[in-house]
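According to TrEMBL, the protein carries these features:
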- B:64: active site, proton acceptor (ACT_SITE)
- B:60, B:62, B:132, B:200: Zn(2+) 1 binding site (BINDING)
- B:64, B:65, B:200, B:256: Zn(2+) 2 binding site (BINDING)
- B:18-256: domain 'Metallo-beta-lactamase' (DOMAIN)
(Lines of atoms letter the chains of each structure in order from A and count residues from 1; the text may use other names and numbers.)
(Lines give C-alpha, C1' and ligand atoms only; values in the text may rest on other atoms or scores of the structure.)
Protein backbone atom coordinates (compact mmCIF):
# COMPACT_ATOMS: atom_id res chain seq x y z
CA UNK A 1 0.00 0.00 0.00
CA UNK A 2 1.13 3.51 -0.83
CA UNK A 3 0.13 6.43 1.33
CA UNK A 4 0.04 9.86 -0.26
CA UNK A 5 -0.17 12.74 2.20
CA UNK A 6 -1.17 16.04 0.68
CA UNK A 7 0.68 18.44 2.98
CA UNK A 8 0.26 21.67 1.06
CA UNK A 9 -2.23 21.86 -1.79
CA UNK A 10 -2.00 25.54 -2.63
CA UNK A 11 0.44 27.47 -4.77
CA UNK A 12 1.88 30.94 -5.29
CA UNK A 13 1.02 32.73 -2.06
CA UNK A 14 -0.07 30.76 0.99
CA UNK A 15 -3.71 30.82 2.01
CA UNK A 16 -5.85 28.35 3.92
CA UNK A 17 -3.93 25.93 1.67
CA UNK A 18 -0.22 25.63 2.34
CA UNK A 19 2.52 25.69 -0.27
CA UNK A 20 3.30 22.57 -2.34
CA UNK A 21 4.53 19.51 -0.46
CA UNK A 22 3.47 15.90 -0.99
CA UNK A 23 4.64 12.93 0.99
CA UNK A 24 4.77 9.49 -0.64
CA UNK A 25 5.13 6.63 1.83
CA UNK A 26 5.48 2.93 1.42
CA UNK A 27 6.93 0.81 4.21
CA UNK A 28 10.38 2.29 4.84
CA UNK A 29 10.33 4.47 1.76
CA UNK A 30 9.33 8.10 2.23
CA UNK A 31 9.76 10.75 -0.45
CA UNK A 32 8.84 14.39 -0.17
CA UNK A 33 7.85 15.96 -3.47
CA UNK A 34 8.39 19.72 -3.38
CA UNK A 35 8.94 21.61 -0.19
CA UNK A 36 7.33 25.04 -0.02
CA UNK A 37 7.76 27.35 2.94
CA UNK A 38 6.09 25.91 6.02
CA UNK A 39 6.41 22.24 5.06
CA UNK A 40 8.36 21.28 8.18
CA UNK A 41 5.96 23.29 10.38
CA UNK A 42 2.96 21.42 8.98
CA UNK A 43 4.77 18.09 9.35
CA UNK A 44 6.01 18.65 12.89
CA UNK A 45 2.65 19.99 14.07
CA UNK A 46 0.84 17.01 12.59
CA UNK A 47 3.18 14.28 13.86
CA UNK A 48 4.66 13.51 10.46
CA UNK A 49 8.22 12.43 11.01
CA UNK A 50 10.65 14.65 9.10
CA UNK A 51 13.48 12.24 9.88
CA UNK A 52 11.90 9.40 7.89
CA UNK A 53 12.30 11.24 4.59
CA UNK A 54 14.81 9.45 2.35
CA UNK A 55 14.40 11.58 -0.75
CA UNK A 56 13.35 15.14 -1.46
CA UNK A 57 12.45 15.77 -5.10
CA UNK A 58 11.91 19.36 -6.21
CA UNK A 59 10.04 20.13 -9.44
CA UNK A 60 11.40 23.63 -10.06
CA UNK A 61 13.04 26.49 -8.24
CA UNK A 62 10.14 28.88 -7.77
CA UNK A 63 10.03 30.03 -4.17
CA UNK A 64 6.70 28.39 -3.32
CA UNK A 65 8.08 24.96 -4.26
CA UNK A 66 11.52 25.01 -2.71
CA UNK A 67 12.09 27.58 0.05
CA UNK A 68 11.00 25.16 2.77
CA UNK A 69 13.90 22.85 1.97
CA UNK A 70 16.88 24.71 3.46
CA UNK A 71 15.16 25.06 6.87
CA UNK A 72 13.88 21.45 6.74
CA UNK A 73 17.44 20.21 6.24
CA UNK A 74 18.61 22.42 9.12
CA UNK A 75 16.00 20.92 11.41
CA UNK A 76 16.97 17.37 10.38
CA UNK A 77 20.54 18.23 11.32
CA UNK A 78 19.45 19.78 14.62
CA UNK A 79 17.52 16.59 15.37
CA UNK A 80 20.74 14.62 14.95
CA UNK A 81 20.25 13.05 11.54
CA UNK A 82 23.24 11.11 10.25
CA UNK A 83 21.53 9.21 7.43
CA UNK A 84 22.09 10.34 3.87
CA UNK A 85 19.36 12.39 2.23
CA UNK A 86 18.84 12.03 -1.50
CA UNK A 87 17.91 15.17 -3.36
CA UNK A 88 16.56 15.50 -6.90
CA UNK A 89 15.74 18.67 -8.72
CA UNK A 90 16.37 20.84 -11.76
CA UNK A 91 19.73 22.52 -12.38
CA UNK A 92 20.46 25.00 -9.60
CA UNK A 93 19.05 23.00 -6.70
CA UNK A 94 22.51 22.18 -5.33
CA UNK A 95 23.63 25.78 -5.62
CA UNK A 96 20.46 27.06 -3.94
CA UNK A 97 21.00 24.77 -0.95
CA UNK A 98 24.72 25.47 -0.69
CA UNK A 99 24.29 29.24 -0.94
CA UNK A 100 21.51 29.18 1.61
CA UNK A 101 23.58 27.12 4.04
CA UNK A 102 26.63 29.30 3.66
CA UNK A 103 24.73 32.55 4.14
CA UNK A 104 23.04 31.21 7.29
CA UNK A 105 26.22 29.78 8.86
CA UNK A 106 25.10 26.18 8.49
CA UNK A 107 26.65 22.86 7.47
CA UNK A 108 24.53 19.71 7.62
CA UNK A 109 25.77 16.90 9.87
CA UNK A 110 24.66 14.31 7.33
CA UNK A 111 25.45 13.76 3.64
CA UNK A 112 23.25 15.05 0.84
CA UNK A 113 23.46 13.13 -2.40
CA UNK A 114 22.15 14.82 -5.51
CA UNK A 115 20.81 12.18 -7.89
CA UNK A 116 19.04 12.18 -11.26
CA UNK A 117 16.93 9.13 -10.49
CA UNK A 118 16.73 6.72 -7.60
CA UNK A 119 15.80 3.16 -6.75
CA UNK A 120 15.30 2.38 -3.10
CA UNK A 121 14.08 -1.13 -2.41
CA UNK A 122 11.00 -1.73 -4.55
CA UNK A 123 10.52 1.93 -5.41
CA UNK A 124 11.88 3.68 -8.44
CA UNK A 125 11.71 7.45 -8.83
CA UNK A 126 12.36 9.11 -12.18
CA UNK A 127 11.88 12.66 -13.38
CA UNK A 128 9.96 13.54 -16.51
CA UNK A 129 9.83 16.77 -18.51
CA UNK A 130 7.06 19.22 -17.74
CA UNK A 131 6.10 22.48 -19.44
CA UNK A 132 6.50 25.44 -17.10
CA UNK A 133 8.08 28.88 -17.49
CA UNK A 134 11.39 27.89 -15.86
CA UNK A 135 13.35 24.59 -15.98
CA UNK A 136 11.00 22.04 -14.44
CA UNK A 137 10.42 18.34 -14.07
CA UNK A 138 7.72 16.09 -12.69
CA UNK A 139 8.27 12.80 -10.91
CA UNK A 140 7.06 9.27 -11.54
CA UNK A 141 7.13 6.97 -8.55
CA UNK A 142 6.89 3.32 -9.52
CA UNK A 143 6.59 0.29 -7.35
CA UNK A 144 8.25 -2.80 -8.81
CA UNK A 145 5.87 -5.29 -10.45
CA UNK A 146 5.55 -8.52 -8.53
CA UNK A 147 3.94 -11.91 -8.96
CA UNK A 148 2.43 -14.38 -6.55
CA UNK A 149 1.85 -18.10 -7.00
CA UNK A 150 -1.75 -19.10 -7.59
CA UNK A 151 -1.68 -21.55 -4.69
CA UNK A 152 -5.39 -22.30 -5.04
CA UNK A 153 -4.94 -23.47 -8.61
CA UNK A 154 -1.89 -25.57 -7.73
CA UNK A 155 -3.81 -27.21 -4.88
CA UNK A 156 -6.77 -27.92 -7.14
CA UNK A 157 -4.37 -29.72 -9.47
CA UNK A 158 -2.91 -31.67 -6.55
CA UNK A 159 0.45 -29.87 -6.52
CA UNK A 160 1.60 -29.36 -2.94
CA UNK A 161 5.37 -29.80 -3.23
CA UNK A 162 7.06 -26.60 -2.01
CA UNK A 163 10.10 -27.23 -4.26
CA UNK A 164 7.84 -27.13 -7.32
CA UNK A 165 6.23 -23.98 -6.03
CA UNK A 166 9.56 -22.32 -5.45
CA UNK A 167 10.77 -23.19 -8.94
CA UNK A 168 7.60 -21.83 -10.54
CA UNK A 169 7.86 -18.70 -8.45
CA UNK A 170 11.38 -18.26 -9.77
CA UNK A 171 9.87 -18.19 -13.25
CA UNK A 172 11.18 -21.60 -14.32
CA UNK A 173 9.34 -24.53 -15.90
CA UNK A 174 8.84 -27.73 -13.93
CA UNK A 175 8.37 -31.26 -15.28
CA UNK A 176 5.96 -33.09 -13.04
CA UNK A 177 4.13 -36.37 -13.56
CA UNK A 178 4.70 -36.23 -17.33
CA UNK A 179 3.42 -32.63 -17.61
CA UNK A 180 5.27 -29.39 -18.14
CA UNK A 181 4.15 -26.75 -15.64
CA UNK A 182 4.73 -23.27 -17.03
CA UNK A 183 5.21 -20.44 -14.53
CA UNK A 184 2.96 -18.07 -16.50
CA UNK A 185 0.06 -20.46 -15.87
CA UNK A 186 0.52 -20.37 -12.12
CA UNK A 187 1.67 -16.82 -11.38
CA UNK A 188 -0.70 -13.97 -10.67
CA UNK A 189 0.98 -10.82 -11.87
CA UNK A 190 0.58 -7.76 -9.76
CA UNK A 191 1.57 -4.53 -11.41
CA UNK A 192 3.29 -2.11 -9.06
CA UNK A 193 1.48 1.08 -8.16
CA UNK A 194 2.49 4.17 -10.06
CA UNK A 195 2.05 7.76 -8.96
CA UNK A 196 2.94 10.88 -10.93
CA UNK A 197 3.33 14.46 -9.76
CA UNK A 198 3.68 17.25 -12.30
CA UNK A 199 4.52 20.27 -10.18
CA UNK A 200 3.66 23.42 -12.14
CA UNK A 201 2.95 22.80 -15.81
CA UNK A 202 0.89 23.58 -18.83
CA UNK A 203 -0.98 20.56 -20.16
CA UNK A 204 1.43 19.04 -22.70
CA UNK A 205 2.33 15.88 -24.56
CA UNK A 206 5.50 15.29 -22.56
CA UNK A 207 3.37 15.01 -19.43
CA UNK A 208 0.69 12.87 -21.08
CA UNK A 209 3.32 10.41 -22.32
CA UNK A 210 5.10 10.24 -18.97
CA UNK A 211 2.03 9.70 -16.78
CA UNK A 212 0.17 7.22 -19.01
CA UNK A 213 -1.89 4.78 -16.98
CA UNK A 214 -0.68 5.80 -13.51
CA UNK A 215 -2.83 4.96 -10.51
CA UNK A 216 -2.74 8.52 -9.27
CA UNK A 217 -1.86 11.72 -11.06
CA UNK A 218 -1.25 14.94 -9.12
CA UNK A 219 -1.58 17.64 -11.78
CA UNK A 220 -1.29 21.43 -11.66
CA UNK A 221 -4.83 22.78 -11.43
CA UNK A 222 -4.19 26.37 -10.43
CA UNK A 223 -7.27 28.00 -11.93
CA UNK A 224 -10.83 27.38 -13.03
CA UNK A 225 -11.81 27.11 -16.67
CA UNK A 226 -11.78 30.38 -18.55
CA UNK A 227 -8.74 31.81 -16.80
CA UNK A 228 -5.67 32.22 -18.98
CA UNK A 229 -3.65 29.72 -16.96
CA UNK A 230 -1.03 29.60 -19.68
CA UNK A 231 0.12 33.13 -18.96
CA UNK A 232 2.15 31.89 -16.00
CA UNK A 233 2.68 28.34 -17.23
CA UNK A 234 -0.14 26.74 -15.25
CA UNK A 235 -3.22 24.64 -16.02
CA UNK A 236 -6.91 24.94 -15.27
CA UNK A 237 -8.72 22.06 -13.58
CA UNK A 238 -10.35 21.21 -16.92
CA UNK A 239 -6.95 21.07 -18.63
CA UNK A 240 -5.70 18.78 -15.85
CA UNK A 241 -8.75 16.57 -16.39
CA UNK A 242 -8.11 16.47 -20.13
CA UNK A 243 -4.55 15.27 -19.48
CA UNK A 244 -5.86 12.64 -17.04
CA UNK A 245 -8.40 11.43 -19.58
CA UNK A 246 -5.95 11.37 -22.47
CA UNK A 247 -3.33 9.54 -20.39
CA UNK A 248 -5.94 7.11 -19.04
CA UNK A 249 -4.90 7.45 -15.43
CA UNK A 250 -6.92 5.95 -12.60
CA UNK A 251 -7.42 8.99 -10.40
CA UNK A 252 -6.64 12.68 -10.63
CA UNK A 253 -5.75 14.91 -7.69
CA UNK A 254 -6.26 18.58 -8.52
CA UNK A 255 -3.49 20.47 -6.75
CA UNK A 256 -1.69 23.84 -6.65
CA UNK A 257 -5.05 25.56 -6.19
CA UNK A 258 -4.66 29.33 -6.37
CA UNK A 259 -5.15 31.29 -3.16
CA UNK A 260 -7.90 33.23 -4.93
CA UNK A 261 -10.30 30.30 -4.45
CA UNK A 262 -11.92 29.98 -1.04
CA UNK A 263 -12.89 26.44 -1.89
CA UNK A 264 -12.28 24.18 -4.84
CA UNK A 265 -15.85 22.98 -5.41
CA UNK A 266 -16.21 24.68 -8.78
CA UNK A 267 -12.81 23.50 -10.00
CA UNK A 268 -13.68 19.92 -9.09
CA UNK A 269 -17.10 20.12 -10.72
CA UNK A 270 -15.57 21.37 -13.96
CA UNK A 271 -12.89 18.68 -13.93
CA UNK A 272 -15.33 15.86 -13.21
CA UNK A 273 -17.29 16.64 -16.36
CA UNK A 274 -14.17 15.67 -18.32
CA UNK A 275 -12.65 13.10 -15.97
CA UNK A 276 -15.02 11.77 -13.30
CA UNK A 277 -12.29 10.38 -11.03
CA UNK A 278 -11.07 13.88 -10.14
CA UNK A 279 -10.84 15.23 -6.62
CA UNK A 280 -9.23 18.18 -4.82
CA UNK A 281 -7.50 17.01 -1.65
CA UNK A 282 -7.38 19.41 1.27
CA UNK A 283 -4.19 20.09 3.24
CA UNK A 284 -3.07 17.19 5.40
CA UNK A 285 -5.60 14.78 3.94
CA UNK A 286 -4.24 11.47 2.73
CA UNK A 287 -5.03 8.71 0.29
CA UNK A 288 -4.18 5.04 0.70
CA UNK A 289 -3.55 3.51 -2.68
CA UNK A 290 -3.91 -0.20 -3.22
CA UNK A 291 -3.50 -2.19 -6.39
CA UNK A 292 -7.03 -2.68 -7.70
CA UNK B 1 -0.61 53.08 21.86
CA UNK B 2 1.83 50.48 20.60
CA UNK B 3 0.64 47.02 19.72
CA UNK B 4 3.15 44.19 19.88
CA UNK B 5 2.04 40.99 18.18
CA UNK B 6 4.06 37.91 19.10
CA UNK B 7 3.78 35.94 15.87
CA UNK B 8 6.35 33.24 16.54
CA UNK B 9 7.73 32.77 20.04
CA UNK B 10 9.85 29.66 19.52
CA UNK B 11 13.35 29.23 18.18
CA UNK B 12 15.64 26.71 16.53
CA UNK B 13 13.23 24.11 15.22
CA UNK B 14 9.52 24.86 14.95
CA UNK B 15 7.14 23.29 17.43
CA UNK B 16 3.76 24.39 18.72
CA UNK B 17 5.58 27.72 18.81
CA UNK B 18 6.51 29.18 15.45
CA UNK B 19 9.86 30.67 14.51
CA UNK B 20 10.80 34.21 15.58
CA UNK B 21 8.67 37.04 14.23
CA UNK B 22 7.37 40.06 16.14
CA UNK B 23 5.16 42.77 14.77
CA UNK B 24 5.34 46.29 16.23
CA UNK B 25 2.44 48.51 15.26
CA UNK B 26 1.60 52.10 15.97
CA UNK B 27 -0.86 53.98 13.76
CA UNK B 28 0.62 53.73 10.27
CA UNK B 29 3.93 52.37 11.44
CA UNK B 30 4.42 48.60 11.26
CA UNK B 31 7.77 46.91 11.73
CA UNK B 32 8.44 43.19 11.57
CA UNK B 33 11.33 42.10 13.77
CA UNK B 34 12.82 38.85 12.49
CA UNK B 35 11.08 36.66 9.97
CA UNK B 36 11.49 32.93 10.52
CA UNK B 37 10.04 30.37 8.15
CA UNK B 38 6.25 30.45 8.24
CA UNK B 39 5.87 34.10 9.24
CA UNK B 40 3.76 35.02 6.21
CA UNK B 41 1.64 31.88 6.65
CA UNK B 42 0.86 32.79 10.25
CA UNK B 43 0.12 36.40 9.26
CA UNK B 44 -2.08 35.59 6.29
CA UNK B 45 -4.02 32.93 8.17
CA UNK B 46 -4.64 35.30 11.07
CA UNK B 47 -5.68 38.34 9.06
CA UNK B 48 -2.48 40.29 9.74
CA UNK B 49 -1.82 42.44 6.71
CA UNK B 50 1.61 41.69 5.23
CA UNK B 51 1.30 44.73 2.98
CA UNK B 52 1.26 47.15 5.91
CA UNK B 53 4.84 46.31 6.90
CA UNK B 54 7.13 49.31 6.36
CA UNK B 55 10.29 47.87 7.84
CA UNK B 56 11.71 44.39 8.35
CA UNK B 57 14.56 44.25 10.83
CA UNK B 58 16.54 41.01 11.11
CA UNK B 59 18.71 40.32 14.15
CA UNK B 60 21.06 37.74 12.61
CA UNK B 61 21.26 35.36 9.72
CA UNK B 62 20.49 32.05 11.39
CA UNK B 63 17.85 30.22 9.38
CA UNK B 64 15.13 30.35 12.04
CA UNK B 65 15.28 34.16 12.11
CA UNK B 66 15.49 35.03 8.43
CA UNK B 67 14.36 32.33 6.00
CA UNK B 68 10.77 33.55 6.01
CA UNK B 69 11.84 36.87 4.50
CA UNK B 70 12.55 35.93 0.87
CA UNK B 71 9.11 34.30 0.45
CA UNK B 72 7.37 37.14 2.33
CA UNK B 73 8.85 39.64 -0.11
CA UNK B 74 7.77 37.46 -3.03
CA UNK B 75 4.21 37.42 -1.72
CA UNK B 76 4.21 41.21 -1.26
CA UNK B 77 5.26 41.51 -4.89
CA UNK B 78 2.61 39.02 -6.01
CA UNK B 79 0.00 41.08 -4.13
CA UNK B 80 1.04 44.12 -6.18
CA UNK B 81 3.10 46.08 -3.68
CA UNK B 82 4.74 49.20 -5.09
CA UNK B 83 5.67 50.89 -1.80
CA UNK B 84 9.28 50.80 -0.68
CA UNK B 85 10.21 48.29 2.02
CA UNK B 86 12.96 49.22 4.45
CA UNK B 87 15.25 46.39 5.53
CA UNK B 88 17.72 46.34 8.41
CA UNK B 89 20.02 43.55 9.35
CA UNK B 90 23.58 42.44 9.95
CA UNK B 91 26.14 42.24 7.13
CA UNK B 92 25.03 39.66 4.56
CA UNK B 93 21.30 40.39 4.66
CA UNK B 94 21.33 42.09 1.25
CA UNK B 95 23.34 39.27 -0.29
CA UNK B 96 21.06 36.63 1.21
CA UNK B 97 17.99 38.27 -0.31
CA UNK B 98 19.59 38.92 -3.67
CA UNK B 99 20.97 35.37 -3.98
CA UNK B 100 17.65 33.91 -2.97
CA UNK B 101 15.77 36.02 -5.51
CA UNK B 102 18.18 35.21 -8.30
CA UNK B 103 18.13 31.47 -7.65
CA UNK B 104 14.31 31.43 -7.60
CA UNK B 105 13.86 33.55 -10.75
CA UNK B 106 12.40 36.50 -8.89
CA UNK B 107 12.71 40.27 -8.95
CA UNK B 108 10.56 42.37 -6.61
CA UNK B 109 8.22 44.89 -8.20
CA UNK B 110 8.93 47.39 -5.42
CA UNK B 111 12.12 48.93 -4.06
CA UNK B 112 13.98 47.55 -1.05
CA UNK B 113 16.08 50.04 0.85
CA UNK B 114 18.72 48.68 3.19
CA UNK B 115 19.19 51.09 6.09
CA UNK B 116 21.22 51.16 9.30
CA UNK B 117 18.60 53.01 11.29
CA UNK B 118 15.27 54.55 10.46
CA UNK B 119 12.89 57.27 11.55
CA UNK B 120 9.35 57.06 10.26
CA UNK B 121 7.01 59.68 11.66
CA UNK B 122 7.27 59.56 15.44
CA UNK B 123 9.08 56.24 15.51
CA UNK B 124 12.81 55.76 15.57
CA UNK B 125 14.39 52.32 15.13
CA UNK B 126 18.05 51.75 15.97
CA UNK B 127 20.12 48.59 16.23
CA UNK B 128 22.22 47.74 19.26
CA UNK B 129 24.97 45.18 19.73
CA UNK B 130 24.01 41.78 21.10
CA UNK B 131 26.18 38.82 22.10
CA UNK B 132 25.45 35.79 19.94
CA UNK B 133 27.70 33.32 18.10
CA UNK B 134 27.40 35.07 14.73
CA UNK B 135 27.16 38.79 13.85
CA UNK B 136 23.96 39.95 15.53
CA UNK B 137 22.07 43.03 16.61
CA UNK B 138 18.98 43.83 18.60
CA UNK B 139 16.55 46.67 17.93
CA UNK B 140 15.32 49.56 20.00
CA UNK B 141 12.05 51.08 18.90
CA UNK B 142 11.45 54.51 20.35
CA UNK B 143 8.46 56.71 20.11
CA UNK B 144 9.28 60.43 20.14
CA UNK B 145 8.76 62.19 23.48
CA UNK B 146 5.92 64.65 23.44
CA UNK B 147 4.44 67.28 25.71
CA UNK B 148 0.95 68.57 26.22
CA UNK B 149 -0.17 71.87 27.68
CA UNK B 150 -1.55 71.70 31.20
CA UNK B 151 -4.76 73.41 30.16
CA UNK B 152 -6.34 72.92 33.59
CA UNK B 153 -3.54 74.84 35.27
CA UNK B 154 -3.67 77.64 32.71
CA UNK B 155 -7.43 77.94 33.18
CA UNK B 156 -7.06 78.03 36.95
CA UNK B 157 -4.69 80.98 36.48
CA UNK B 158 -7.15 82.68 34.18
CA UNK B 159 -5.13 82.16 31.00
CA UNK B 160 -7.45 81.39 28.09
CA UNK B 161 -5.73 83.12 25.19
CA UNK B 162 -4.91 80.50 22.50
CA UNK B 163 -1.93 82.56 21.27
CA UNK B 164 -0.33 82.31 24.69
CA UNK B 165 -1.03 78.61 24.76
CA UNK B 166 0.49 78.09 21.33
CA UNK B 167 3.61 80.01 22.29
CA UNK B 168 4.05 77.98 25.49
CA UNK B 169 3.47 74.75 23.55
CA UNK B 170 6.26 75.85 21.19
CA UNK B 171 8.52 75.97 24.24
CA UNK B 172 8.83 79.75 24.37
CA UNK B 173 8.37 82.13 27.32
CA UNK B 174 5.43 84.51 27.35
CA UNK B 175 5.16 87.87 29.12
CA UNK B 176 1.63 88.30 30.38
CA UNK B 177 0.16 90.79 32.84
CA UNK B 178 3.59 91.57 34.26
CA UNK B 179 4.49 87.90 34.73
CA UNK B 180 6.83 85.64 32.79
CA UNK B 181 5.17 82.35 31.93
CA UNK B 182 7.77 79.61 31.48
CA UNK B 183 6.83 76.68 29.22
CA UNK B 184 8.30 74.12 31.65
CA UNK B 185 5.72 75.21 34.21
CA UNK B 186 2.78 74.55 31.89
CA UNK B 187 3.86 71.52 29.83
CA UNK B 188 3.19 67.95 30.87
CA UNK B 189 5.98 65.82 29.43
CA UNK B 190 5.06 62.45 28.02
CA UNK B 191 7.98 60.15 27.39
CA UNK B 192 7.59 58.07 24.24
CA UNK B 193 7.23 54.32 24.60
CA UNK B 194 10.33 52.26 24.10
CA UNK B 195 10.50 48.60 23.15
CA UNK B 196 13.63 46.50 22.77
CA UNK B 197 14.10 43.13 21.09
CA UNK B 198 17.34 41.24 21.52
CA UNK B 199 17.02 38.35 19.09
CA UNK B 200 19.40 35.59 20.17
CA UNK B 201 21.93 36.66 22.77
CA UNK B 202 23.84 35.84 25.88
CA UNK B 203 23.08 38.19 28.75
CA UNK B 204 25.67 40.95 28.37
CA UNK B 205 26.48 44.52 29.26
CA UNK B 206 25.96 45.78 25.72
CA UNK B 207 22.37 44.64 25.93
CA UNK B 208 21.82 45.96 29.46
CA UNK B 209 23.11 49.39 28.44
CA UNK B 210 21.00 49.51 25.27
CA UNK B 211 17.70 48.46 26.79
CA UNK B 212 17.88 50.50 30.01
CA UNK B 213 14.43 51.56 31.18
CA UNK B 214 12.43 50.35 28.17
CA UNK B 215 8.72 49.74 28.58
CA UNK B 216 8.98 46.26 27.12
CA UNK B 217 11.99 44.03 26.65
CA UNK B 218 11.78 40.93 24.47
CA UNK B 219 14.81 38.91 25.53
CA UNK B 220 16.19 35.52 24.45
CA UNK B 221 14.96 32.97 26.98
CA UNK B 222 15.67 29.73 25.17
CA UNK B 223 16.18 27.46 28.17
CA UNK B 224 15.35 26.97 31.81
CA UNK B 225 17.87 27.62 34.57
CA UNK B 226 20.62 25.03 34.82
CA UNK B 227 20.97 24.46 31.08
CA UNK B 228 24.23 25.65 29.59
CA UNK B 229 22.52 28.21 27.39
CA UNK B 230 25.87 29.82 26.65
CA UNK B 231 27.03 26.89 24.58
CA UNK B 232 24.97 28.13 21.63
CA UNK B 233 24.97 31.80 22.56
CA UNK B 234 21.55 31.84 24.22
CA UNK B 235 20.12 32.81 27.62
CA UNK B 236 18.02 31.07 30.23
CA UNK B 237 14.82 32.67 31.47
CA UNK B 238 16.62 33.56 34.71
CA UNK B 239 19.44 35.25 32.81
CA UNK B 240 16.85 37.20 30.81
CA UNK B 241 15.21 38.24 34.10
CA UNK B 242 18.56 39.33 35.50
CA UNK B 243 19.10 41.57 32.47
CA UNK B 244 15.59 43.00 32.86
CA UNK B 245 16.19 43.71 36.54
CA UNK B 246 19.62 45.24 36.01
CA UNK B 247 18.34 47.40 33.15
CA UNK B 248 15.25 48.42 35.13
CA UNK B 249 12.82 47.72 32.31
CA UNK B 250 9.07 47.80 32.84
CA UNK B 251 8.09 44.39 31.49
CA UNK B 252 9.94 41.36 30.19
CA UNK B 253 8.66 39.03 27.46
CA UNK B 254 10.44 35.67 27.54
CA UNK B 255 10.82 34.59 23.93
CA UNK B 256 12.70 32.15 21.69
CA UNK B 257 11.50 29.28 23.88
CA UNK B 258 13.16 26.03 22.85
CA UNK B 259 10.98 23.42 21.19
CA UNK B 260 11.98 21.03 23.99
CA UNK B 261 9.49 22.74 26.35
CA UNK B 262 5.87 21.74 25.99
CA UNK B 263 4.89 24.78 27.99
CA UNK B 264 6.81 27.67 29.47
CA UNK B 265 5.34 27.59 32.99
CA UNK B 266 8.58 26.61 34.66
CA UNK B 267 10.63 29.16 32.72
CA UNK B 268 8.23 31.92 33.71
CA UNK B 269 8.19 30.83 37.35
CA UNK B 270 11.98 30.92 37.50
CA UNK B 271 12.16 34.33 35.82
CA UNK B 272 9.50 35.87 38.06
CA UNK B 273 11.57 35.11 41.15
CA UNK B 274 14.18 37.51 39.78
CA UNK B 275 11.97 39.90 37.83
CA UNK B 276 8.25 39.74 38.73
CA UNK B 277 7.03 41.50 35.57
CA UNK B 278 8.06 38.56 33.36
CA UNK B 279 5.72 36.70 31.05
CA UNK B 280 5.96 34.23 28.19
CA UNK B 281 3.64 35.25 25.36
CA UNK B 282 2.14 32.52 23.24
CA UNK B 283 2.09 32.63 19.45
CA UNK B 284 -0.26 35.23 18.01
CA UNK B 285 -0.98 36.81 21.36
CA UNK B 286 -0.58 40.56 21.55
CA UNK B 287 0.11 43.30 24.05
CA UNK B 288 -1.18 46.86 23.91
CA UNK B 289 1.37 49.18 25.45
CA UNK B 290 0.35 52.54 26.80
CA UNK B 291 2.43 55.18 28.49
CA UNK B 292 1.78 54.97 32.22
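Placed from the backbone N, Cα and C atoms, the Cβ positions cover glycine too.
What TrEMBL says about a protein is an automatic prediction, not a curated fact.
Shown here: features listed in TrEMBL, placed on the structure.
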residue: B:60; record: Zn(2+) 1 binding site; DSSP class: coil
residue: B:65; record: Zn(2+) 2 binding site; DSSP class: helix
residue: B:132; record: Zn(2+) 1 binding site; DSSP class: coil
residue: B:200; record: Zn(2+) 1 binding site; DSSP class: coil
residue: B:256; record: Zn(2+) 2 binding site; DSSP class: coil
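Neighbouring residues of the recorded Zn(2+) 2 site, listed in sequence order and excluding B:64, B:65, B:200, B:256, comprise B:11, B:12, B:19, B:20, B:34, B:36, B:59, B:60, B:62, B:199, B:220 (Cβ within 8 Å of the Cβ centroid). Ranked by Cα separation from residue B:256 (Zn(2+) 2 binding site), the recorded positions B:62, B:64, B:132 are led by B:64. Close to residue B:60 (Zn(2+) 1 binding site) in the fold, though at least 6 residues off in sequence, lie B:66, B:89, B:90, B:130, B:132, B:134, B:135, B:136, B:137, B:199, B:200, each with a CB less than 8 Å from its CB. For the domain 'Metallo-beta-lactamase' (B:18-256), the model gives a mean pLDDT of 96. Apart from B:60, B:62, B:132, B:200, the Zn(2+) 1 site neighbourhood in this chain, defined by C-beta within 8 angstroms of the site C-beta centre, holds B:59, B:61, B:65, B:130, B:133, B:134, B:136, B:199, B:201, B:233.
Checking the binding-site residues B:132, B:200, B:256 against chain A with a Cβ-Cβ cut-off under 8 Å leaves nothing. Considering only the binding-site residues B:62, B:65, B:132, B:256, the Cβ with the fewest other Cβ atoms within 10 Å is that of B:132.
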